[in-house]
Amino acid sequence: MSDILNNLIHLLKLEKIDDLIFRGESQDLGFRQVFGGQVVAQALSAAMQVAPEDRILHSCHAYFLAPGDSQYPIIYDVETLREGRNFSALCVKAIQHKNTICHVTASFQVPEKGFEHQNTMPNVGAPEDFTDENVMLQKVAQTLPEPLNEKFAAERPFEVRTKYLNNPFNGTKLPAEQYSWFKTNGETPLDIKIQQCLLAYFSDFHCILTALHPHEKGFLQKGMKVATIDHSIWFHRPFDLNHWHLHAIESNNAFGGRGLAQGQIFSQDGQLIATTQQEGLIRFSE
């Protein structure tokens, strides 16, 4: 396992304060605001420690209420909303400086068999047909001041191969879609809880940025303001992030200063393992 991946997994293992209260450290990615994927993943990690052991996370819905500060830890307060025979619903409040910055609901289910069908994975090419995203980020890093250049050029916990590379500081006009192959940068434990938290973390990277593609904008371009409003994930099938997965994202709408993006995550053999959806603020001022 790479050091950077080991650090991320450690970040997602929270300190237990009492039965329903947990503390997580924050990750500095070069921005003052804490990364939303970190908050969702840590909130799910907290919920998993409270949910009954025989139940598996199958969906979560997060509302981001205020920006988090990447220089301070976050407290996660878990509440059980309902405990049924087969399902458990939990709510997690992410708290920083006594303010709730994110509200996450998560549902867990006892595994069972039932009807099966799924969408077909789009035929967009193999991972080796796509460009290594880190190559573009390292080139961008050369043009940035410290400490941002160091963060952009740093090793990442995921290997990512992306179809459309959009410079975050100088966007180009692209289709309202994105296809990204990804896997962990190093061997990952097969523990389903770790796998689901890692997927939740990664799923926040490309979603809402796809809504900028038709408008020739990068998310760090002068005059742009981009912020996630809500983020949802449905976990369908077991998966192993040690192998390549495809996140196929489409933005079907932008209106009123908001953009919407919907994604499907497939294993390389075509199994639909998760669905994602995100709405965010996308505002541009001259």
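Positions of Cβ are set from backbone N, Cα and C atoms, glycine also.
As written in Swiss-Prot, here are the features:
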- ASP204: active site, charge relay system (ACT_SITE)
- THR228: active site, charge relay system (ACT_SITE)
- GLN278: active site, charge relay system (ACT_SITE)
* Asked: Taking THR228, GLN278 as the active-site residues to compare, which has the smallest set of other Cβ atoms within 10 Å?
  -> THR228
* **Neighbourhood of ASP204 (active site, charge relay system), C-beta criterion under 8 angstroms, separation at least six** => PHE35, GLY36, GLY37, VAL40, THR228, HIS231, GLN278
